[in-house]
Amino acid sequence: MKYIAPRSLGLSLTRARFSTLCATLPGGLTPSGRGTQTSWLSGKLKLDINTPSPTFSSLTTHSFSSLQHRYYCQMCRHATTGGSSTMYVSTFCRNETNTGSKNASQNRSKRHRDSNCSPKRANSYRGNCMLFFLWPFLVFPQWTLAGNSTQLILSVPSDRQVLPTNVKPTKYDVTMEPNFSTFKFDGSIKIDLDVKEDTHTVTVNSLEIEIHSAKIAGQDAASTTFDEDKQSATFTFAEELKAGTTAQLELTFTGVLNDKMAGFYRSTYQENGETKYLATTQMEPTDCRRAFPCFDEPALKAVFDITLISDEKLTCLSNMDVKSEKKLAGGKKAVSFNSTPLMSTYLVAFVIGELNYIETDAYRVPIRVYTTPGLEEQGRFSLDLAAKTLAFFDKTFGIDYPLPKMDMIAIHDFSAGAMENWGLVTYRVVDLLLDPKTSSLSTQQRVAEVVQHELAHQWFGNLVTMDWWEGLWLNEGFATWMSWYSCNQFYPDWKVWEQYVTDSLQSALSLDALRASHPIEVPVKRADEINQIFDAISYAKGSSLLKMISRWLGEEVFIKGVANYLKKHKYSNTQTGDLWKALSEASGKDVVKVMDVWTKKIGYPVVSVTEKDNELTVKQNRYLTTGDVKPEEDETIYPVFLGLRTAAGIDESVVLDSREKTLTLDDASFFKINGDQAGVYRTNYTPERWVKLGEAGRQGLLSVEDRAGLVADAGALCVSGYSSTTNLLSLVSGWKQEQSFVVWDEIITRITSLRAAFLFEDVETRDALKALTRALISEKAHVLGWEFKETDGFLEQQLKALVFAAAVGAKDEELVAVAQDLFQKYVAGDKSAVHPNIRASVFSTVAATGGAEEYDQIYHIYHNAISVDEKITALRTLGRFEQPELIQKTLNILLDSSIVKAQDVYIPMQGLRSHSAGIEALWTWMQANWDEIYKLLPPGLSMLGSVVQICTSGFSSEEKKEEIRAYFATKSTKGFDQGLTQSLDSIQSKANWIKRDSASIKEWLTTNGYKK
């Protein structure tokens, strides 16, 4: 799934691990490392040194002599082994195993159906010896031998909300029929179950569904109970279900075809003045239970047979191709689809509506782009790209895309950017469709990245899936990295890896610098916690670590290891260690040792460099943007690839794997740490070295990535207090002749961040910062101009658009007049007057300088836009008007779904957040309308957290921070507590920055002639 987290906002859109026996064994394993994840447990953890019963639901073998955890059969949960040479942990869990095992990946690939499970196969993987049998009693004196002294019992907390493991689903037969008049749907389902334990009950996930009947083998449930907190329904049957048998649970139910963009929901659009509907789905992460009762956990893969009943004139789509279509009475039809492969519930999808499509046969299976009528041709770019991308991934992974078709569909109401449903990928309209004549290059690049991201998921996430949501980064981090990788193959002139440094990498470093960040592998217990980790850590930091490791291993070796991982684990579930093991095998390097720290620990380091003659001393410490790291927060030692650049090139072999290290150079006159900015950390130099690096940048000794990275590090370090803001200002002031779009993008981003922090400071300082911006870029903006030719390269066009926007934003009078003139021509009917690449900056200029008349003109454009791109730009611009009455007009439409769709509510908020009056107004509005906001965007949806952050994070004083904290102290923050804490951290960092550097910034601005 592609999340929405615009970097321009400064936003990024738990259960504890229990440490099992190996946690304290020699070898450096820690309690937070590789212990069995016991919150899947129910009751007690039993260590049985005799042969386990075949009815145990899963088996983990701890081979103490080799410090291994081993896993047997997940599909049937049957494990058999002989002898008493190994200590066994019968966890009654589903598949929670230590992924650090020597054979964890191999063993997990043994998941299979009952017909393939044999005592001989399981026995072949049993452990080695009982050499360490007695040591646990010394380490854990609370452990006791029970009964006949063959069982060791330990009580374990059960804090992860999951279903009982007495049954396991293998197949679903689902029939769904939406009603567009009542906005409800009727459904029936048959779920084939393997019974794992003698039981009278079956529990499924169910949310906002009215269950009418439940039966097994004709036997009605004796009772049905619902647990709203756990989002589950339990059916009790008089006749006991016996372990080792199969059963079929039959349910009939009614649900709400909701407008919350979750589960099975309705989307609206306008056609010739008429409101029309389509029914669609969004199941990830835990909303399949809103569509039909199910076992809604990623590890419980099953086969799905889907049948949709609809008006015969409507189009029905699902993951698979159509098996049959049957006419029904009343002008209806029943469309049945072929069986899916084994897959998780969050990937199930179906859509019913009035749809058109375009198709290509450029790939070996049909690819279609579906839209509501009239928009289909805008899918041509994505259609052609999809054909190339699927073929490229087939070849790259050595595994053919396994489904018989690929459909991509634009949905008018969509909470994320896109969703990777297997065979039926759903998108926001703006992230799938574009008109090359009316869309900007930035939009084109965004669409390309999103499409490739979702198609990468067809392998990484769909074919091979994380076993629980704490492994989300395995899905999202890799899909993000792969989208950049494939984009670089198809569009080399875009130089996307250069852009990566200022895009995904900075997004990751920005969020992870907050105290309220989280590890990549973050423990999550409840459904409302899961949505909060769809953020820049899972996506951007995850992909940045993969980029870092691909550079360390070599891109070719990295891809080989990934392909081996996918082949070994296809149609099953994995943990992070399985990927590290595959990469270790492919490379011969100890990837586990290096990457465990990066994925399991929060944050990243700042590497400080001091010099004496030709000796460099490098030291790492935890980095926080607030600059107030506590000793207990600075205990982690990260394996840091120093990437030491000198005149001889980049030495990739140097690793800082201790607190401090001294390096000796042949010539220390020129060097830079983190060559090409491939590492996930900040670097701080002495003031003298910063000056020398600035000169090196001017002399062409540094790559684009290096120059952009220097600006990014200087900008971040001055916020946190590791370096002075004047250091950043001096650095960028010396690079006025810079030619790279990527470097200029980072320069302008950092100056903009400084201006944003000072939004509530004195007018003279704010005007001086605008003067600085003009001094940096106005000359270049005038030279490059604002006209775009077909012969202009991609990056040249991007640079033109960037510096024009920065110049008008800094009140360059001549260019402001140009923007106003272009806009008047545009509204007079000349739609070619404003090029799509500068449309946003022209509209913003009009908002900053105009009044009620211009507001009405922008509002008219919003309702009569020539493209989705233009519509979104106009909506955002409405928030940029600063007059109080116009701010109020914008606030008044935010919750009016007839004007602003719920999916777009944050867009005009972005405009309001760009000026101090808007920030104040947003906060006041949110407090006055909190109950309505909470109803529109319930905490189970990720958008509530984004809205809270936008409405609060623009402030820069401790007084406002405390005001915000006090307000929410009386509210339930369930579902957005992490985002709120991150917002408060952001305010604190800006407050510290202003308090610490305000005087020196003003002095520098005065000395350099920008402040009078």
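Note that Cβ sites are derived from N, Cα and C of the backbone, with glycine treated the same way.
Marked as active site, proton acceptor by TrEMBL: E454. Of all Cβ atoms in the shown protein chains, 27 besides its own fall within 10 Å of the Cβ of E454 (active site, proton acceptor).
Less than 8 angstroms from the CB of E476 (Zn(2+) binding site) sit M1, G461, F534, S538, Y539, G542, each of them six or more residues away in the same chain. If you look up TrEMBL, you'll see H453, H457, E476 marked as Zn(2+) binding site.
Taken from TrEMBL, the feature compositional bias 'Polar residues' covers 97-107.
Annotated domain 'Aminopeptidase N-like N-terminal' per TrEMBL: 168-347, in sequence order.
Among the features that TrEMBL reports, domain 'Peptidase M1 membrane alanine aminopeptidase' is placed at 381-598.
Across all of the domain 'ERAP1-like C-terminal' (670-988), the predicted model scores a mean pLDDT of 96. Residues or ranges marked as domain 'ERAP1-like C-terminal' by TrEMBL: 670-988.
The feature region 'Disordered' is assigned by TrEMBL to 97-120.
What TrEMBL records for Y539 is site 'Transition state stabilizer'. Over all protein chains present, the Cβ of Y539 (site 'Transition state stabilizer') has 30 other Cβ atoms lying within 10 Å.
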Taking the center of the Cβ atoms of H453, H457, E476 at the recorded Zn(2+) site, which other residues in this chain have a Cβ no more than 8 Å from that point?
M1, K2, E420, E454, A456, F460, G461, N475, F478, A479, T480, M482, S483, Y539
H457 (Zn(2+) binding site) has how many other Cβ neighbours within 10 Å of its own Cβ?
27
Same-chain residues at least 6 apart in sequence whose Cβ lies under 8 Å from H453 (Zn(2+) binding site):
K2, A418, A479, T480, M482, S483
